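Note sheet for the following structure.
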Amino acid sequence: MTQAWLALVIGNTRLHWGFFQFKTLKSVWHTPHLTAENAEKLIQSGFQASGWRNLSVSQDYGVFPSQFVSLASLWVASAVPQQTGLWQMPPSVDNREGTRNTTPEKSSEKGPENGSSNIVERSRIPLQNLYPTLGIDRAINLLGAGNTLGWPVLVIDSGTALTFTAGVEPKDSISGCQTPAVYGGAILPGLRLQRQALLQQTADLGAASSVREAVGGNGPQARAGCDQPLPVRWATDTAGAIASGLAYGATATVADYLTDWWQQFPKGKAVLTGGDGPLLHQFLKHKTPAIAARVQVDSHLMFWGMRHYHQTIGKLSQRPDIGCV
């Protein structure tokens with residue numbers, strides 16, 4: 001495979017970008033969903049740094065590379081079909097098995113990846129029990145967690161939605177392969193979605209501001225890993241009552257699922273990810289420190305999953321006779 005490639009995970013509200021050189025994740029940044037015009041600008045620029053800086057959107061670059069080397073390919077995992085089509089790049093290469101080159105034009109003979117866009121296909125994700133409506137982003141997160149932390153593992157993704165996705169690794173008695181499988185999960189509204197729903201019902205702008213400060217999610221404190229205390233439980237004003245309900249409700253839900261998870265899998269791993277993952281971990285540390293001590297936080301799970309998928313498809317394309325990857 002060519003050295004440099006770009007991973008794009010399309011979430012419900014944001015685009016998550018990861019720049020890889022071989023297996024190494026060099027940079028991560030995030031943007032809102034883009035218009036067709038902005039997507040075309042990026043594609044035409046070859047995803048170079050100048051193309052990003054010319055976008056007329058708010059951007060959370062994280063650690064953004066000063067310049068890109070020539071990118072081999074774009075690999076896309078999408079939970080939003082309407083956004084997927086914007087990243088269709090004219091193929092300049094032969095299509096790899098397990099990826100879908102997104103236009104019907106004839107490929108050139110430049111190499112296995114150069115200039116291509118590759119859409120993650122559910123049927124090629126190396127997980128069993130992938131039911132048809134399971135979000136690709138949830139599957140990729142689980143794949144990343146299992147391959148960095150080990151199995152069994154529970155992924156708690158605190159973003160627009162708060163999702164629980166568990167995976168185990170039963171042994172295939174016929175092939176002898178260790179074949180990870182989706183165990184199950186749950187979905188409920190995330191902190192931000194709950195907050196937005198409640199604040200729409202109050203005209204008190206001061207209350208809205210106070211709630212955002214108390215349960216800020218992606219605020220500077222959460223991102224920097226600074227201590228974020230739980231709000232006062234028994235509030236005496238509307239803002240405090242909303243903040244209390246959100247914080248204690250989410251914390252209790254997460255703790256309950258974790259407790260049940262460890263009852264079934266005493267040695268099971270658990271990891272928080274997503275924009276509000278660090279915040280929820282802080283809440284757990286204050287409310288249930290023993291539980292929090294067993295939970296890791298990793299905002300890059302999606303990219304570890306993309307890396308494993310990228311490597312798996314590469315191995316299959318080179319050696320289709322391989323039974324286990």
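Just so you know, glycine gets a Cβ as well, placed from its N, Cα and C.
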Ask   = According to TrEMBL, V9, I10, G11, N12, T13, R14, L15, H16 bind ATP; which of T160, T163, T165 is also listed for that site?
value = T160
Ask   = G11, G135: which of these binding-site residues has the highest Cβ count within 10 Å of its own Cβ?
value = G11
Query = How many Å separate the Cα atoms of I136 (substrate binding site) and L15 (ATP binding site)?
reply = 14
Ask   = How many neighbouring Cβ atoms, not counting its own, are there within 10 Å of the Cβ of T238 (substrate binding site)?
value = 17
Task = Other than V9, I10, G11, N12, T13, R14, L15, H16, T160, which residues of the same chain sit close to ATP? List them in sequence order, counting a residue when its Cβ is within 8 Å of the Cβ centroid of the site.
result = H30, H33, A79, V80, D137, G159
